[in-house]
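Chemist: Have a look at this one.
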């Protein structure tokens, strides 16, 4: 078998073994010094990037000088300090590009979410690291010493608010949720007030029952029992049915009832005639409101309706008598403009004094 002649590579002398790292002195300059420590691979990359145009006169001597200088030969630093003086090693270039691309994608997503908000306000999107806990470092990430790019606004928000980064929500979403909760509470309170099962006086109300207070004029004799029931229960002295018929049959337009559903809860009975043949005087004979519906303005509204009806009848003044001890009735009439005209001693059958109140219309 013929012997293969040795190739040209076999004629070259074997490469000298590299000197042990322990013998070489460590670089005395810090990471931010003016002289940069580069590996042989980086020098080869720079030669290729420069197009191979290396000076034949000074290139080799510079390499020899660099190799022979004790401070320019430094051991390879650890992985977390690959970037020195703004230079990035080839092993970290793809990581730098990935981080830059990720920040651009997050910025575009934030702008799209803000423009998609219907009310024009800023709307937060999922922040960086939504699926990674705040204490963990995502894969292929640079250390704090090797990171030179300016963080995006979304990353800054996530870094400043760990709870937002942990939940994937920013402060804007929390504010919107609080506003929605406030609107729900206001709506529920309004619905509760409208759909309450209690009347304004505190009485239980059946579901579906109409609790609106209606004011109607006297219409027929069928309403007489309700009027008598209210007035007999509240007034200080009883009246016969003839007294009711005298007022109601002669001045039915001056008799008003307050109705809640089909129940009569208030009534007022008045008259209007000539006084001393000089002027027309109106007289409020009876006013009563069911005790369960008091303090709802029913008595005031009944008196107002009666006075308006008297004004239509060309009334000059309105008078009435009430017990001097009935503070609520005195307050009601005085709030409507009545004044105390005269005190009538032992006016009622129970011996209580009365006050005559008067309202001048002209």
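First residue shown is number 1, and so on along the chain.
Keep in mind that glycine also has a Cβ here, set from the backbone N, Cα and C atoms.
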Chemist: Among 61, 107, 190, which is annotated phosphoserine in Swiss-Prot?
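Modeler: When Swiss-Prot is consulted, phosphoserine appears for 190.
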Chemist: Quickly, which of 128, 233, 327 does Swiss-Prot have down as N6-acetyllysine? Just give the residue.
Modeler: 233
Chemist: Of the residues 39, 189, 328, which is given the phosphoserine tag by Swiss-Prot?
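Modeler: Swiss-Prot records phosphoserine at 39.
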Chemist: Look up 89, 152 in Swiss-Prot and give me whichever carries the note phosphoserine.
Modeler: 152
Chemist: For the domain 'N-acetyltransferase' (214-362), how many residues does DSSP put in helix, in strand and in coil?
Modeler: 54 helix, 54 strand, 41 coil
Chemist: Using DSSP, break the compositional bias 'Acidic residues' (173-182) down into helix, strand and coil residues and give each count.
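Modeler: Going through the compositional bias 'Acidic residues' (173-182) residue by residue, I get 10 helix, 0 strand, 0 coil.
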